[in-house]
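Structure first, then comments.
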Amino acid sequence: MSKAQQRLSQFQSHLASSEVDIPRGRESVLSKSPNDIVITCALRTPFTKGGKGGLKDTPAADLLVHAFKSLLARSKVDPSLVEDIAVGSVLPPGGGATEFRAAALVAGFPESTAVKSLNRQCSSGLQACVDIANAIISGMIEVGIGSGVESMSSQYGPGAVTEFSELLESHPEAKNCKVPMGLLSEQMAKDRSISRKDQDMFAASSYQKAVKAQQEGKFDEEIAPLQSVKFIDPKTDQERMISVNKDDGIRDGITAESLGKIKPAFAKDGSIHAGNASQITDGAAAVLLMKRSTAERLGQNIIGKFVSSSIVGVKPLLMGIGPWKAIPVALAKAGISKDDVDVFEINEAFASQCLWCVRELRLDETKVNPNGGSIAFGHPLGCTGARQVATLFNELGRTGKKIGVTSMCVGTGMGMAAVFVK
């Protein structure tokens with residue numbers, strides 16, 4: 001039995017033996033309590049192509065300023081009531097700690113609002129939201145913001161690679177933590193028999209769903225457009241100001257057949273390539289959280305609540321299976337089954353790993369990423385977890401559905417998941 005399975009078993013045993021009558025099941029998850037941790041606003045910037053797109057010349061902290069300002073404008077919350085802001089980010093110098101505090105001040109938060117940066121790889125944005133939720137649950141704060149940001153245009157590349165000490169290199173499992181994720185996914189696809197054809201079909205579907213969603217305006221509510229940002233034309237070097245109001249990585253006309261013509265990226269006989277992996281992208285997202293009683297007192301519009309979350313470890317070389325381990329734990333903590341879930345937002349780091357997790361969990365594929373995912377519109381590493389929250393509530397609200405799950409695999413071998421209710 002794995003450690004994650006042991007933890008799940010222990011948690012279930014604890015519930016069974018507990019003297020406290022803990023409500024279980026879909027009905028209890030949908031019930032309302034003054035102590036619920038609710039979300040009153042969740043939004044994101046457009047996502048644009050790293051090194052090419054409309055936000056390539058906008059620093060990460062500036063993207064964060066825009067997300068914060070948009071959150072304040074939409075929610076109309078008094079900035080002085082926000083006690084803490086958590087910002088997930090993977091690549092910024094110094095962990096972003098200095099710039100993100102400065103961004104909060106520029107956005108209009110007073111000096112009394114605290115700020116922290118955090119890095120749990122691809123789950124950083126979700127971890128930021130969960131950290132704020134837990135701070136509210138513990139009574140540490142009343143109102144907070146979980147957020148994420150990444151400018152992969154300026155920060156992604158060789159400089160982001162960690163050099164290990166001799167001590168770390170000498171440990172066989174530890175040294176696997178720095179194996180590039182593309183290579184890991186390539187090996188996983190081979191070991192788990194995920195064919196190139198199936199990966200390309202999955203990726204094409206992501207693009208096709210995203211194209212349809214964009215054309216129908218399904219992303220409009222969650223996106224906070226930028227009206228004027230600097231853009232340096234890569235062909236002419238001329239600088240001009242542009243507006244960015246939609247994701248620019250979504251490409252029309254993508255099919256499994258067209259993806260089948262792309263050369264593998266990591267092995268001559270491989271199956272992973274640029275078309276069936278997440279895009280290098282720039283973007284930011286922010287989520288406003290507080291107790292239900294606080295939201296009602298402040299007159300905030302409640303869009304949903306946070307129910308449960310999980311974080312699990314897996315073998316570093318099996319990084320991509322993280323959601324397979326994390327989702328059942330989060331569901332068990334909420335007391336519901338996969339069949340109770342209406343929408344799954346599972347990060348498409350690679351088609352191979354996402355497809356394997358969906359199949360292994362036996363999820364209804366029509367419930368997974370109904371408007372496409374990171375293959376189609378990008379994966380700004382530290383931002384994605386917060387972006388998924390905005391996308392999830394947007395979809396649940398638009399369709400009148402109730403229960404959603406977000407999840408992702410995490411670099412170095414982890415998985416994270418969370419359950420939310422509209």
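Placement of Cβ uses the backbone N, Cα and C atoms for every residue, glycine included.
Pulled from TrEMBL, these are the features on record:
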type	residues	note
ACT_SITE	Cys122	active site, acyl-thioester intermediate
ACT_SITE	His379	active site, proton acceptor
ACT_SITE	Cys409	active site, proton acceptor
DOMAIN	37-293	domain 'Thiolase N-terminal'
DOMAIN	302-421	domain 'Thiolase C-terminal'
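The number of other Cβ atoms within 10 Å of the Cβ belonging to Cys409 (active site, proton acceptor), over all protein chains shown, comes to 33. Taking all protein chains in view, 27 other C-beta atoms sit within 10 angstroms of the C-beta of His379 (active site, proton acceptor). Model confidence over the domain 'Thiolase N-terminal' (37-293) stands at 95, taken as the mean pLDDT rounded to a whole number.
Across the domain 'Thiolase C-terminal' (302-421), the DSSP tally of helix, strand and coil residues reads 55 helix, 34 strand, 31 coil.
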